[in-house]
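Here's the structure, in structure tokens; my notes come after.
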Amino acid sequence: MQEFLLTQGEYILRMLLAAACGAGIGYERKNRLKEAGIRTHLIVALGAALTMMVSKYGFFDVVSEAIKLDPSRVAAQIVSGVGFLGAGMIFVRRQSVSGLTTAAGIWATAGVGMAVGSGMYIVGVAGTLMIILTQIVLHRKWFRTKMPVAEQFNVSLDDSSEAIDYLQSALSENQIEILNIKVKKTPGKGIDAKIYAKFPKEYEAAELLGLFKDNPHILSIDF
């Protein structure tokens, strides 16, 4: 009886440690206002640890010389299951992708839960710290290499003949390369231009507001 309680107590300890690791990763994501926060990461880590323990220890009572089991079979489904969850966190909007880091974090959190559930405590805790440090340190601006970025934005102009010419020249003067442009002219309402452009390294898309704010041809800009 004492051995049984000690064994079950160790299993519960693994679940608690996995939950704590998941909560730590989720806390960092929550602070950045990401889609998945503390609860999601905690449940993923806890569920992965629980499934891992069931896969590793849950079938001992049926194992015999005639019955052979693969202890990794149930645990292997964690990876594919978490893949569906991560895919739901990736959003594509106006040719830009968001949620990739959060989805990768969910996948890695499942790995942490599996490590703790299998009894690899130090590996699980070390993995948690590495995930958190990676997301914190590499997020800081001084560790980022400034690269050209492509963004899509919409511009509403008046229907004057020089409106489009001004728009193109203003972008060209600021080394903003137009990759694709779609123009729709509505009689009496002006011109709507949907532009996909490449910005130089040190340029922020928000600077378009300052570039166009004093021009009478630009009615509105949305990005």
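Note that the numbers count up from 1, one per residue, in the order the chain is shown.
For all residues, glycine too, the Cβ spot is worked out from N, Cα and C.
Taken from TrEMBL, the feature domain 'MgtC/SapB/SrpB/YhiD N-terminal' applies to 15-139. In the predicted model, the domain 'MgtC/SapB/SrpB/YhiD N-terminal' (15-139) shows an average pLDDT of 84.
Annotation source TrEMBL lists transmembrane segment at 12-28 (among others).
Look at TrEMBL and you will find 40-59 (among others) tagged as transmembrane segment.
Residues annotated as transmembrane segment in TrEMBL: 74-92 (among others).
The transmembrane segment feature in TrEMBL is assigned to 97-115 (among others).
Among the features that TrEMBL reports, transmembrane segment is placed at 121-138 (among others). Residues 14, 17-18, 21, 24-25, 28-29, 101, 105, 108-109, 111-113, 115, 144 of the same chain lie 6+ residues outside the transmembrane segment (121-138) yet bring a C-beta within less than 8 angstroms of a C-beta in it.
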